[in-house]
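K.L.:
Before I ask anything, let me first share the structure, which is written out below as C-alpha cells.
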Amino acid sequence: MVLITCNGNTLDTSTPATARQTLAESATSQIDSNYIIVNAKEPLKKAQKQALADNNVAVLEYIANNSYICRYEPRDLGAVRNLDFVAYTDVYPTSFVVNPSLRRHTVGPPGHISSRTHTVDVVLHRGCEFGGCKKAICEAAHVDPEDVTVCKGKVRLHVQEQHLDALAAIDNVAFIQEVHPNRLFNNVARGILKVEDVDINGTALDGSGQVVAVGDTGIDSEHPAFAGEDRIKKLIALGRQGRTNDPDGHGTHVCGSVLGNATLSNGELIQGTAPSATLVMQSLLDSRGGLGGIPTDLEELFGPAYAEGARVHNNSWGSSTPGLAYDQSAREIDEFVENNTDMVIVFAAGNDGVDGDQNGVIDLRQIGSQAAAKNCITVGASENNRPELTVAYGVSAGGGQRDPRYAAEPIYGDQYADDPNGMAAFSSRGPTRERRIKPDVVSPGTCILSAKSSAAAASTYYGESPDPQYMFESGTSMAAPLATGCAALIRQFLKPIADPSTGDYSPSAALVKALLINGAVELTGQYNPSEAGASPNPNSGWGRISVADSALTPSGTAGYGEHDGLDEDETFEFTINVPETGKTLKVTLVWTDPAGAELQNDLDLTVSSAAAGGGSERHGNMGTGSGFDRANNVEQVKWEGVPQGEMGVRVSVHRLTSERQGFAYAWKVV
C-alpha cells in the first residue's frame, strides 16, 4: 500500500477503485494529460532520473512517500510503467487539485450545487504560463478576464463552488487553494536577547551598514526613534497611494523594535535590537484599515525591498486562519529565498495560541500558511521581564472578565511578562501540517515598549508608558522585529570576519539562520510540567535567541561555514576537537530548500565519536535515536557530556529532487 498526499488530499494506490483504474489503463496505457504521478520504490537517484528523462519524463516536484509530480507529454504511459524502479504511475489526479478546505464547503444534499463564492489562487504546474490557458480558466470559472489577477505561476480570482471541478479539470492547473485574509500579529528585551554582550574588536554590534525592510501598516517617520541622517532609506506606499503614515500604529511600534534609537523623557535610553540599521518601510495599510497593500505575488513585496539593498525583511502579519497547510504564499517565500539566497525573511508565528480543552496547556498546530515556509525564520513569543506590569492572560480586554482562551490555571493567573524563561500563552505553536518544527526561534513578545505613532490612539492595556511617545504592546508581532534586528546584527558580525579586505561579502540566509539557531538558549519554561520542553519542540522551536551565543568568532571551540552544494554521491566532513570531558557540543545544519510542501532536497547531519564505547553517533533532531529527520531543513545535534577527543561531523544526501544542494552550518563546544 502506498499513500500519496498532495495539497491536503490523499490517494491510496491499493484501494480497489485505484487498482481497477490502473489495470484498465494498463491495457492501453493511453493518457490525455501532460502531468503524471510517479511513485518510486526508493528515493530517485541520478541514474533513475536520467532513465525518466530518457523516457521524456521531467521531474517537477517531490510530494510524499517517494512520489513526484512530473511532466510527461507522450500519450503512452507503458514505457514509464515498465521501468523497474517505478512502483506506481498514473495521470496527475484531479482529486489532488482542490484543497480540502474548499471541498468541505461543497458538501450538501444529493443534487445540491452551491453558489457560494470564494477567492482562490489557481496555481499552475511549474513552467506553465497563464497565457496558454487563460481562456480555459476564465471560461471554467465563469469570470471576465479583466477580473482576474495574474502573477507568476498563479491566477487569483473569485469563483463559485459549483465551478471548482471544471477548473480542476484543466490540465495545466496543479492546485486550487483558498485565499484567507491577512491580519497583524499584535530596552529589557535587548538584555534578554544578549544583544549588548558582543562586539567586534571592541565595537558593539548595532546594525551599522545593514538595511532592513519592514512590511507593515506604515511609520511615523517624524518620531524621534527614527531621527538622524539616512535612518529611513525608502518609504514605499503599497496600500494607499502616496501615503506611508501610520494611523494604525502597529508598523511604527514594529520599526521601533527593529531599529529605534532615542531617549525617553525620563532620560532612559530605548533602542531596538539594531539601532544603527537603515530602514526600508513598505506600507501595507489600505484605506479601509486592512492589509490590502500585500501584493498578490509576494515576490512583489520582497523584490523592491531587495532592490533597495535590504537583506533582512520583517513581516509581523499572516493569515487570519490558524493552522493552514503550506500554501502558495509559503511557496512564494521559499522561492524568493531560493532565488535570492542572501535575503533573510522573518515571519511572526501568529497569536492563535489557545487552551481549547482548558487543561492548562496551550494546544498545538496553529502555525501555518506564510509562517510554515521552510526558508523563512518563524518567530514565536517568549515572555519579557517586566513583573511590575500585572496584566494576566486570563483577564480579557473587557476588564476583569475571564478570557475563555486561558480559563484554566496555571495560565489563567499568569502575568504576561514575569518570567523570561516562559512562553507567551498566545504564541502560536507548531508543528506545521507538514510535520515541520516551527517556530524556529522565539524572542520576547509580551509588554514590549516601543515607538507610538502620533496618528494612532494610545493604549495602556499592557501598562503605562513613562513617555507618551512610546507604548507597550504584546504579540508575536513584537517578537519578530526583535529577532529581525538580531538577524541584522549577525550579518554585521559576519561581514568583516568573512572578507576584511573588501567588505562586500553577503552571507546566505541559511548561514544567518544557522547561527541564530545554534546560539539559541533552551527555555526551561515557567510551569510544571514545562510549557516549552527540550529543544527542538513545537512550542519554542530551537529556543530563545541569544546574539552573544550566536556571534562567536571562529576558534577551536566554535565555527561556521557554507558549502556550495553536494550531489547525491557526495559528503562533506570535518572534525571538532573537544578539549575535555563534560562539555556540550552543538552542531546546526540549515539549507535553503526548493519550494514545495515536502522537502525537495533532504540532507542528513551525523555527529560521531570513536571514543564513545566503540563508536557512537547522533543524528540531526533525533536525540539519541537511530533514525533520520525527513521533514525539516534545519537539523541539530546537541550532545551533552560529549567525550573528549575528535568528533566527526558529516553532511550527506538522502534524496535530491534538484541537481545539487548547498547548505550552511554552525557549531560550538561549551
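Cβ atoms are placed via backbone N, Cα and C, with glycine included.
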K.L.:
Quick check on the annotations: TrEMBL lists region 'Disordered' for one of 8-27, 528-547, 548-567. Which range is it?
P.N.:
528-547
K.L.:
Cα distance, D216 (active site, charge relay system) to S477 (active site, charge relay system), nearest Å?
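P.N.:
Between the alpha carbons of S477 (active site, charge relay system) and D216 (active site, charge relay system) there are 10 Å.
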K.L.:
Could you put numbers on the helix, strand and coil content of the region 'Disordered' (528-547), residue by residue per DSSP?
P.N.:
1 helix, 3 strand, 16 coil
K.L.:
To the nearest whole angstrom, state the Cα distance for the pair H250 (active site, charge relay system) and D216 (active site, charge relay system).
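P.N.:
With the alpha carbons as reference points, the distance is 7 Å.
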K.L.:
Mind checking which of H250, S477 has the fewest other CB atoms within 10 A of its CB? They're the active-site residues.
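P.N.:
Among the active-site residues H250, S477, the sparsest Cβ neighbourhood within 10 Å belongs to H250.
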